[in-house]
Amino acid sequence: MTVTAAARPARAARRTPYLLILPGLLWLAVFFAVPVVQLGATSLYDPNGSLTDGYAMTWSFGNYATALAAYWPQFLRSLLYAGLATAICLALGYPLAFVIAQRAGRWRNLLLILVVAPFFTSFLVRTLAWKAILADTGWLAGLLRDLHLLAPDGRLLATPFAVVMGLVYNFLPFMVLPLYASLQRLDGRLLEAAADLYASPLRTFRHVTLPLSMPGVVAGTLLTFIPAVGDYINAALLGTVRTSMIGNVIDSAFLVRLDYPQAAALSFLLMAAILVLVTVYVRRAGTDELL
Amino acid sequence: MSDLVLQGLTKRFGEFTAVDALDLTVPAGSFFALLGPSGCGKTTTLRMAAGLEEPTAGRILLGDRDITGLRPHQRPVNTVFQSYALFPHLDVAGNVAFGLRRRGVRDHAAEVARMLELVQLDGLGRRRPAQLSGGQQQRVALARALVNRPQVLLLDEPLGALDLTLTRRMQVELKRIQTEVGITFVHVTHDQEEAMTMADTVAVMNAGRIEQLGRPAELYEFPQTPFVANFLGQSNLLAAEVVERGAGYVAVRAYDNRYSVPAGRCRAAGPAAYLGVRPEKVHLAEAAAQVPAGHDSVAGVVTDWSYVGVGNRYLVRAPWGTELAVFSPNTGEGYYPPLGGEVVVHWDPAHAFLLDREPGAGDATTPVAPEPTGVPA
Ligand SMILES: Nc1ncnc2c1ncn2[C@@H]1O[C@H](COP(=O)(O)OP(=O)(O)OP(=O)(O)O)[C@@H](O)[C@H]1O
Ligand SMILES: [Mg+2]
C-alpha cells in the first residue's frame, strides 16, 4: 500500500520533464527538422532542372563542389566580416556590460533599456539610417574629409568598413545582454578577495572577472557571430558587389537566379561551417556545458 | 614582524560614523580578538586595515611604515572573509595558490601542499569549493590567506557559519596554527566565549569605539564600563552613591544599604556609581545568620529558577524590586532554594567592583534567564 503510494508520484515526476518538452519538440519537428530535410534533399537535386520543369532527385553531390568553387571568396569574406564584427562587439560590449552590471546602481535598468532601444525599430530601417549617416554627401564623410582623415574622393559607404560597422551596430545588443547577465551575477566580494591576495586590478580582471564571465562571453560571441555570418542586409545596403557576403549569394540564388539546388547546397555549407567553428570554439573556451 | 597600529582611525558613511577615532596597537605575533555586538564597526575596521575601505580620517601603520595609502594588493595583510569568498572557478589548490601566483612565487605547489596539510585538507586539492562542506571551505579560506605568510592575518567571523561542534574544533585548530606560524591574528567575533578562549588580548568594541582592551581575565574580572560588564558575561549592576572613600576601601549606599568595595576595584570617579558583581560570585543563604562574616548581603525572594546542568540559575527579587542574577555551580553542596523561597544573597566585597554611572541611570542588571516566570510580585 505504502509502496504504490510512494511509487506513483515518483513515476509521475519522472514523466513530467518529457511532457514539458513535448510542445517544443513538436514545434521543432514541424518547423525545423522537416524543412532541414527538405533543404538537404533540394541541395542534391539535378542542377539542370528548373522551377518550371521541376527538379529530379539525382543525388548530385557535385552541387557542393560547384557551389564552393564558385563562391569561396564570399564564404571567407563572411567569416572575416562576422569575426571582425564579433571582436569589435566584444571590445565595445564587455566594458559596457561591466559598468551596467557592477557600477550603474539605480541607472542599471535605464541603461539596459537603452541597449535594446534599437530593437524598437526594424532591422531594415536601422540599416537604412546607417546608409544615410555614411553617405558620400553626409555630415560624417564631410567632417572626416575636413579633418583630412578621409581622402577628398574617399568613401565611407560601399566599403568593407561600412558593412562591418553595420554588423556591429545591429548585433551589439546580442553581445551585451548575455555579458550583462553573467557579469551581473559576479560576486563583488570575489574581486575584493583577489585584491586582498595581491592581484592588481588588471590581474583581478584577467584571473577572476574574465574566467567567471566566460559563459557570457561565449554566449555573446555565438549570438553575434552566427547571425552575422549569414546576414545579407548589411552587405546589401551598405556595401557593394565587392563586399557581398554568402548571405547575399544565397539570397540571389534563391530569389533571383532561382537556382534552388545551389542555394540549398550553399545554405548547408554555411550551416556546416558554423557548426564546426562553434564546436571548436566552445571546446577551446572551456565551457563545454553549453554544448 | 611589526605591530599593527591604528591611529585615530575613523570611517563615516554619510552622516553615520561607523568607526570613531579608533586608537589601537596590535602587538606583532599576538592573537588579538575584536569583540562587539552586531553593527559596532568590526568589519569596517578590518576592511580599512586590509585596504578595502578608505578611512575618512586616521592612519594605519605596520611597525613604522604607513600603509594607509596602499592599495589592498600592495599590503602585506590578508583576510579570511566572513563569507569565505572562495573562487568558484578554481579548485582548492588553485585557490590556495592564488596569492603566491600573483606575487610570482615559483614552486608554489610545495607550499600549497604544506598548507593544505596544516589545515588537514590534504588530498582535497582538486576539488571545487562547491564540493566542500562549510568547515572545509572555511579551512580553504584560512589556508589561502595563511600561505602568503602575511604580517597580519585578519579573520572576520570565520567561524560564524559553522555548527557548535565544528566551531569548537576550529577554534582549537586556529589557535594551534597561530602558535605554529607565529603570525599576528586579528580575529573579529561577536562570540565572547570564542574571544576569551582564543585571544591573548581582547578589545571590546561598541558603537565604533573600543570600550576596553586587555587580557581576557582582566576584562572579565574587572570590566571598565557597564557595557563591557554586560557584554562579556553578565553582571548585576546596582545604582549606588559613593558615600565614603576610606583607606583601602570605598563605601557606597544603594537603596539604603551600605556596601563596600576594595579601593583597587573602584573605577567610579564621581559619586554616581554602579556596584557590580558577577552572578557566579553571588551566593545564596537560607538566613542572614548563615552569611559569612565580612560578606555584603541583600535579602530577597526567588522569582525564577532554571537548571542548566553545570549549575542553577536564579533570579532573586530585592526588596526594592530589582532582580539579581545568581549562578550556583552544581557542586552538590550549598543551598538550592525553592521557587518563591526567601533567601539572602551575599558576596565577598573583594569580588565586587565600582563603575561610573550616568547620574540618574537606574540598575543595569541583565537577567540571566530571559523570561522570569513563577512567583507574582
Ligand atoms: N557601505 C556602507 N554604507 C553605509 N553604512 C555602512 C556601510 N558599511 C557598513 N555600514 C554601517 O556601519 C556599521 C558598522 O558595520 P560593520 O559591518 O563594521 O559592523 P560589524 O561590527 O562587522 O557587525 P556584524 O557583527 O553584524 O558583522 C553598521 O551600522 C553598518 O550599517
Ligand atoms: Mg561584520
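Cβ atoms are placed via backbone N, Cα and C, with glycine included.
Per TrEMBL, the feature domain 'ABC transmembrane type-1' maps to A:75-281.
Listed by sequence, the residues of this chain that lie at least six past the ends of the transmembrane segment (A:18-41) yet keep a Cβ under 8 A from its Cβ atoms are 57, 264, 267-268. Annotated transmembrane segment per TrEMBL: A:18-41 (among others), in sequence order.
Positions annotated as transmembrane segment by TrEMBL: A:79-101 (among others).
The transmembrane segment feature in TrEMBL is assigned to A:110-129 (among others). Proximity of distant same-chain residues to the transmembrane segment (A:110-129), defined by a Cβ-Cβ separation under 8 Å and at least 6 residues beyond the stretch ends, is recorded for 96, 99-100, 104, 166, 169-170, 172-173, 176-177, 180, 233-234, 237-238.
According to TrEMBL, the transmembrane segment annotation covers A:157-181 (among others). The list of residues near the transmembrane segment (A:157-181) in space but at least 6 beyond its ends in sequence, with Cβ under 8 angstroms from a Cβ of it, reads 81-82, 84-86, 88-90, 92-94, 96-98, 100-101, 112, 115-116, 118-119, 123, 126-127, 130-131, 134-136, 141, 213, 215-217, 219-221, 223-224, 227-228, 231, 234-235, 237-240, 243, 245.
Residues annotated as transmembrane segment in TrEMBL: A:208-229 (among others).
The transmembrane segment annotation in TrEMBL covers A:263-282 (among others).
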